[in-house]
Amino acid sequence: MDTSRLGVLLSLPVLLQLATGGSSPRSGVLLRGCPTHCHCEPDGRMLLRVDCSDLGLSELPSNLSVFTSYLDLSMNNISQLLPNPLPSLRFLEELRLAGNALTYIPKGAFTGLYSLKVLMLQNNQLRHVPTEALQNLRSLQSLRLDANHISYVPPSCFSGLHSLRHLWLDDNALTEIPVQAFRSLSALQAMTLALNKIHHIPDYAFGNLSSLVVLHLHNNRIHSLGKKCFDGLHSLETLDLNYNNLDEFPTAIRTLSNLKELGFHSNNIRSIPEKAFVGNPSLITIHFYDNPIQFVGRSAFQHLPELRTLTLNGASQITEFPDLTGTANLESLTLTGAQISSLPQTVCNQLPNLQVLDLSYNLLEDLPSFSVCQKLQKIDLRHNEIYEIKVDTFQQLLSLRSLNLAWNKIAIIHPNAFSTLPSLIKLDLSSNLLSSFPITGLHGLTHLKLTGNHALQSLISSENFPELKVIEMPYAYQCCAFGVCENAYKISNQWNKGDNSSMDDLHKKDAGMFQAQDERDLEDFLLDFEEDLKALHSVQCSPSPGPFKPCEHLLDGWLIRIGVWTIAVLALTCNALVTSTVFRSPLYISPIKLLIGVIAAVNMLTGVSSAVLAGVDAFTFGSFARHGAWWENGVGCHVIGFLSIFASESSVFLLTLAALERGFSVKYSAKFETKAPFSSLKVIILLCALLALTMAAVPLLGGSKYGASPLCLPLPFGEPSTMGYMVALILLNSLCFLMMTIAYTKLYCNLDKGDLENIWDCSMVKHIALLLFTNCILNCPVAFLSFSSLINLTFISPEVIKFILLVVVPLPACLNPLLYILFNPHFKEDLVSLRKQTYVWTRSKHPSLMSINSDDVEKQSCDSTQALVTFTSSSITYDLPPSSVPSPAYPVTESCHLSSVAFVPCL
């Protein structure tokens, strides 16, 4: 008689007594058999579950109940098992010894376990399968030997395991298939040999496993298969050969007539032959992506009526769409990363049941009509070369829910291309060439992506998308129709609609509100009100508007607006006045005057930039969102940004040159040396202009973009390239201010005490010092802003940053000429000379007036000339032309006490 049956028969009296006796087994025998520190609980009326896991045990507990059906000894320190350690556990069905330190299991270790069905020995240190310990466990159904160090499987180790259904041998060190050991496992249904070091599968390796349904061989080193290696696997439905080193298509699968799921992705297979799956008509799913496939036979996937999923990723050499005749039940088709340039017009006739189509990362240029694919729910065509979407491309796809057309070259979409897609909720058209967007038939969209279409600058009304939840637009201004600003505006209008009505109307509205509130419950009223508010804020739109992407006004706040207008007016008028007095004056232009005139000219460009921004703000007042994208991408914004940076940098460079010129002039005058030629100064001015042009051209060359914001200025935050550019500008300007400070400090220190009054009373020296001080002070907040952004200091609000960029940065452009006009006497002299010259020019245009009294006119002319020319014993160094420089008998740096002199001959 079978020993297992004998054990059960011997235990029947005890079971009958427990079942019919008055005392409860839970309170009697069962609980008395629970080892110390273990957790025990009843398993039905007569059996016990014992959990002794993770207790640090080094040996098996000895006082186990005979009625134990489940014993968990995993995660302990058990290193060995003695023969017959659990002799009385005839009812034990599951034994867990995982996560211990077992290196060897002796014969008889599981003797007496007649009912054992599940044995877990994973995560130990076994180097081979126990030769005799597992034999004759006739009830065993599941055996786990994974995550050990097994490199050898004895031929007879599984003999007697007639009930074994599941065998885990994965994550070991096997180098070959243990063919002899598997011959006794005729009832085996699932086996995994994954994560080993198997190189080859010989013929008839699984010849006696006729009941095997699932076989996992992934993550090995298999490079070859015997042509008959799968013979005998008549019931196999799942075969996993993924992540191996196969070089050729596994033609041995043709004998697997019941195969339903096949995976051999991530190998080195380069071709799939014609009629590759002719012997596998039951295939439902095939995964063979991430293979360097160069050739696929056109008939490779024909006549697979049960195939539901076909996935081929990374087949970079496929140029033709496969012929899928007879594979009419395909539901999911993925062919990505290939070079397919066209689709057959009959693709939907072959695949009428297709639900998911993924042809991303191909070279498709033109699309056929998918109208026959009535069951399509998802289409992914991103990263192709599609140029146009015709009216019939997606016509009558009533089940289509997701359509991805991103990263193509789509420039034309027929107005009714999406008009017959009632189920469409997700549409991705990002990174195309769209300049317009059709809205017909898209009222059910919940997700819409249009980002990257830089030519799409028009606003899209939120009323056309009542169900929309997430939208991505090319420009932040287009989110104003969906954002908080617009919602708040609507709410404000609703609450303020009756502000101008009469008191009687207000009382009527209040009465109506309270009457409606009385007619229904107050809580329902409040809930409805909250839902209305949430509905207004339900759409998530990106990129979101903000201070640098405004919805209504380019210059938010009247403080900034008035500041920009003031700077524009003062910079234009004052710099124009200074430039006119310097360059149109009949008096001789000294080097320092030339520099002041050039500085005024470049400062005028800053005034032009501020004036243009103020004009754009006025033109788009209250509706900047309608024009924001046009302004950012227009030539005007880039020109204004270029002029702003050029003018700012030129002003700093020229001011540095002026400070150095003053220092050199004092040095040469003190040493009775000849000054540098006037032409050299002009060359240096030209070099400063070229350097400023170079700095201003960097954003146009890709370092950053002037059109990144409507302010047309590189912002001191955001992309690293933009931040680096701004920091470079600040460092360069700081270096210039340092040079100016050193030059003037050296000038002061090198003067004798008696010369101080003469030098510091000179108007031009003091004027440059004043410019140095004001410009340096105004440069500090800009420098602080740039460096704080560099180290991620976020305590500065965007409004403050905007004020600094629009008001503080261009402020020197209007202060520089004002300081010259108000505090420099040379301006008054030049202005008087200009007025006299203008007067003479005007009189010369009217000869009748000149002939009234010619004698008086001649006398006035001579008097004027004599008034301009003053002979003195002091020599003038810089206010005379080079040809009239006298000998330096009395060297003076500049005309500190005398006016500028010009020699004009008397008429």
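Placed from the backbone N, Cα and C atoms, the Cβ positions cover glycine too.
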Residue among CYS34, CYS52 that, according to Swiss-Prot, closes a disulfide with CYS40: CYS34
Selected from CYS479, CYS637, CYS688: Swiss-Prot disulphide partner of CYS541: CYS479
Swiss-Prot annotation: LEU660 and VAL800 on one membrane face: no
Neighbour-count leader, CB within 10 A, glycosylation sites: ASN77, ASN208: ASN208
Alpha-carbon spacing, CYS40 (disulfide bond) to ASN63 (N-linked glycosylation site), which is rounded to whole Å: 13
Chain-internal residues, separated by at least six, CB under 8 A from CYS38 (disulfide bond): VAL50, ASP51, CYS52, LEU55, PRO61
Most crowded position, judged by CB atoms within 10 A, among CYS348, CYS373 as disulfide-bonded residues: CYS373
Residues satisfying Cβ distance under 8 Å from CYS712 (disulfide bond), sequence separation of at least 6: SER609, LEU613, CYS637, HIS638, ILE640, GLY641, SER644, TYR706
Within the repeat 'LRR 6' (187-208), residues counted as helix, strand or coil by DSSP: 0 helix, 5 strand, 17 coil
For the topological domain 'Extracellular' (615-638), sequence-distant contacts whose Cβ falls under 8 Å of one of its Cβ atoms, 6 or more beyond its ends: 454, 457, 459, 474-478, 480-481, 545, 549-555, 561, 564, 700, 706-710, 712
Set of same-chain residues at least 6 away whose C-beta sits under 8 angstroms from ASN63 (N-linked glycosylation site): GLY33, PRO35
All-chain count of other Cβ atoms within 10 Å of CYS40 (disulfide bond): 20
